[in-house]
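Per TrEMBL, the features are:
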DOMAIN    37-146  domain 'NADH:ubiquinone oxidoreductase-like 20kDa subunit'
BINDING   Cys37, Cys38, Cys103, Cys132  [4Fe-4S] cluster binding site
Amino acid sequence: MGIEEKVPSGFLLSTVEVAAGYARKGSLWPATFGLACCAIEMMTTVSGRFDIARFGMEAFRASPRQADLMIVAGRVSQKMAPVLRQVYDQMVEPKWVLAMGVCASSGGMFNNYAIVQGVDHVVPVDIYLPGCPPRPEMLLHAILMLHEKIQQMPLGVNRDEVIRETEKAALASPTTLELKGLLR
Ligand code: SF4
């Protein structure tokens, strides 16, 4: 008797890693944390028109201990940086950070002493989303890309180290070096 007759409805093979990645990416709960104008676009993703609930993510949590995604939506002031770090530290592991908009990613047009020039100075960032402000569709796209990243992430990996290595490789890339040469 062939295996098809023994198990007529078939069976599925997978690994714990793939199952864990699938579960993690499908159950992200963002922290309720908006800093400036970008936060309005973030809030809009919850509306019926954009419907972040399609990805099971409409439950923005008021408590960091119930959240595993920090969407840094807006510019980070020097005064706010320690608060942001505290919220991040209180979030459960594994956790992820999305820098939304140019201000959160690099300080944007606020090149001054009051604004942190990129939230990666305060917390490790998994994904950067450009734009001022990025539209809700762009945020949803970035979230889907983050889902892919989470799915690919091996179990037990040191996320901070992966981010550090990626940043090091990006800084050493010919494009970055060329840009630095042009800027000099
Ligand atoms: S990127 Fe633009 S919309 Fe977002 S916080 Fe900065 S100024 Fe506001």
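Just so it is clear, glycine is given a Cβ too, placed from its N, Cα and C backbone atoms.
Under 8 Å, Cβ to Cβ, and six or more positions away along its own chain, Cys132 ([4Fe-4S] cluster binding site) finds Gly101, Val102, Cys103, Gly108, Met109. Spatially close to Cys38 ([4Fe-4S] cluster binding site) yet at least six residues away along the chain are Ala73, Gly74, Met100, Gly101, Cys103, Ala104, Pro133, Pro134, judged by Cβ distances under 8 angstroms. Close to Cys37 ([4Fe-4S] cluster binding site) in the fold, though at least 6 residues off in sequence, lie Gly74, Pro133, each with a CB less than 8 Å from its CB.
Cys103 ([4Fe-4S] cluster binding site) has a Cβ environment of 27 other Cβ atoms inside 10 Å. Same-chain neighbours of the [4Fe-4S] cluster site beyond Cys37, Cys38, Cys103, Cys132, judged by a C-beta within 8 angstroms of the site's C-beta center, are, in sequence order, Ala36, Ala73, Gly74, Arg75, Met100, Gly101, Val102, Ala104, Gly108, Gly131, Pro133.
DSSP gives Cys38 ([4Fe-4S] cluster binding site) a helix state. Mean predicted confidence for the domain 'NADH:ubiquinone oxidoreductase-like 20kDa subunit' (37-146): the pLDDT average there is 94.
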